[in-house]
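Asker: One structure follows; several queries about it will come next.
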């Protein structure tokens, strides 16, 4: 256990200077890497592998026509080849995958990585970021943490902020000093997140609709238009209705389905190349892109909105990085996905080079290039592959919503873990049904691949542009590379993506308005929730009660201490929340052991159990008042209430036993009390300095029913060693136990609800009398039960506020609060043990 020292509650571990975790960068065995590469084909590449279903159809929708010179089809193939080569292969596989945040990827991972290397966080403090206020202690790497890292010789902890040369230092200072730039950074991350959510609506629609559209070549045209949309909607409804069962039961089929699909389209491509046009490889020359744009001009530029669909799903390589590793994703793409897609697109182009006559029922698309004898089996495989690709996008949307909720940027929703083995497999009921309704509405409303492609393309390219912008900052701030390299990265890839973005945006009235509207709605929800949460925290910060107020409570004020443990939730990691003073003022009593619990969702993926709990003491030890800060990463799974209660009590017991409490008391007594106006602040500073990291598992707590009986007398040693005469310790073969006394025989009318004993580590020294007395009182309180005091705040705009603030706070934020779930820690708390304290916050 670490000794009491200035500990930053927002920085549980030292970030790697490159953003990756050492555990993730360890080289895995070759067999395991290949197994992960195989699995990634079904999870990561389902969406990307189904893009040949609709790319040519979207590119030749109306903007350009297929002529006998083949310049159009060869130009489109050239654009497809170089887009696949430059964006997924060069940008993502070679560069972006290296910018992981402790093994995790995605837009928020890049944002969290940047915030840890510069004081640029504007996330709600209870949800993973500093409030951004001057002097706020909730920063990722404060001066105290830097001193501690330097004292421990940990250069890596300082490398995130201290090194990097003039360019990194200059960019860091620019971000830290200008709130506008910090807001721009947060807005970029939120825009990318909103577009990912929009992609979760559009990708299932276009993938399933395009797969089902193969029926147009197998039936009459007047019959097809009445069959295509109902079948697509039926498949989509089944897909969303099965989400709550999870994917672990059928997940083993995902990789074989995608592999079968990739082999199928690549073999069809080879057949078409050999049979129709072996010289189609000429289109791999960039010269054909120039010829294409020169001939088609504005029509060719607008057709780029359909061509960019060839890279839809590329962002999943980075977003799903946490489930695999960098090498496995690179192997799967370069060895299987990339060559299969190139062969598929070349095969379609080879077929179209020899088929120029456009009949009344003829459309350029994937299925026209499939030999008629195998068209039905290919149709079945295509539908299965589209379902797999859609499933991956839906799961990714759930994961993104979970990250936003954990970081305080989205209203709380119900998160169901569908697998006991894989923590990333989650299901969010509210989001699932919203996605289904929107997906069905778009499918029924558009009924056309062209409009669906325009909508999906804009969402895809916007996310990629956001990644490019954030990645250029990572190159400077986190990798400490030259600023010219960062400029080169953003200019090269930004120019390519801006070209596609402009081609998509110009089709606003033809479907591209959908992702913009969806992003605006989700962006408004996120901004309103973020604004209301920040204002609520600022009210807590400004109205918190000094520790001296709590220490001044004396028996003559009528304060009563009752048996048990009182667990008071607060979003503050220092001081006393205003809601507790409100509670004590109206009900002058609190428990014999009081724990102020602060749950922090920090902007890193995972917090190790050894660094999860921070424990400190408030006031003299006779008060039995503690503060506990529990830190979770945005991918951590919250435990159930019973397990959490045990770990919480054990962390306090370990704090008492290990000597950290004695060291904290000595540190407190050695400092003179400040009785001037700044005494409260000084006391809070001293208290924060006494916070200690408590590793889990040092002390185990055993609980038995009250009637289980006392241990035998020969197992009990030193029964009165505690000074109070109530505790006993038992020596075993490998551990020492401190037990509560046996329940008394018949005069006792009400037996304790449970008997508690702490099992100490085998090598631990015998605790002294003061420690035993404090542990004994903690055991007595645990036996009496634990009560949860939860604040229920109503946020209202204060009088004199502007109309806009009253609209946002009194109506929009209040509506979101009333329709969101309660905090995660409160979901499984027994209602009989919960006391809610209501208070109105005027902000």
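Think of each number as a place in line: the chain as shown, counted from 1.
Heads up, the Cβ atoms here are built off N, Cα and C, so glycines get one too.
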Asker: Looking at 426-446, 552-572, 573-593, which one does Swiss-Prot call transmembrane segment?
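Answerer: Result: 426-446 is the stretch Swiss-Prot calls transmembrane segment.
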Asker: Are residue 68 and residue 351, as annotated in Swiss-Prot, on matching sides of the membrane?
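Answerer: Taking the topological domain names from Swiss-Prot at face value, residue 68 sits on the side where residue 351 is.
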Asker: According to Swiss-Prot, which listed range is transmembrane segment: 327-347, 348-368, 600-620, 621-641?
Answerer: 327-347
Asker: Pick from 511-531, 658-678, 679-699, 700-720: which stretch is listed in Swiss-Prot under transmembrane segment?
Answerer: 511-531
Asker: From the DSSP assignment alone, can you count helix, strand and coil residues within the topological domain 'Cytoplasmic' (320-326)?
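Answerer: Per DSSP, the residues of the topological domain 'Cytoplasmic' (320-326) fall into 4 helix, 0 strand, 3 coil.
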Asker: Tell me, please, if the transmembrane segment (426-446) and the transmembrane segment (299-319) are in contact, taking contact as 3+ Cβ pairs under 8 Å between residues separated by 6 or more positions?
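Answerer: Counting Cβ pairs under 8 Å, fewer than 3, so no.
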Asker: What residues elsewhere in the chain lie close to the transmembrane segment (452-472), defined as a C-beta under 8 angstroms and at least 6 residues from its ends?
Answerer: 54, 57-58, 61, 87, 91, 95-96, 99, 107, 110-111, 114, 185, 188-189, 191-192, 195-196, 198-199, 202-203, 205-206, 209, 305-306, 308-309, 311-315, 318, 442-443, 446, 486-487, 489-490, 493-494, 497-498, 500-501, 504-505, 507, 510-516, 519
Asker: Between the transmembrane segment (511-531) and the transmembrane segment (378-398), do 3 or more CB pairs sit under 8 angstroms, pairs being 6 or more residues apart?
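Answerer: They are not in contact.
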Asker: Answer with yes or no whether the transmembrane segment (226-246) touches the transmembrane segment (299-319) by the criterion of at least three Cβ pairs under 8 A, sequence separation 6 or more.
Answerer: no
Asker: Restricting to the same chain and to residues at least six past its boundaries, which positions have a Cβ under 8 Å from a Cβ of the topological domain 'Vacuolar' (447-451)?
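Answerer: Residues 54, 57-58, 61-62, 206, 209-210, 213, 228-229, 306, 365, 510-511 contact the topological domain 'Vacuolar' (447-451) from elsewhere in the chain.
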Asker: What is the number of residues in the topological domain 'Vacuolar' (506-510) that are helix, strand and coil, as DSSP sees it?
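Answerer: Reading the DSSP string over the topological domain 'Vacuolar' (506-510) gives 3 helix, 0 strand, 2 coil.
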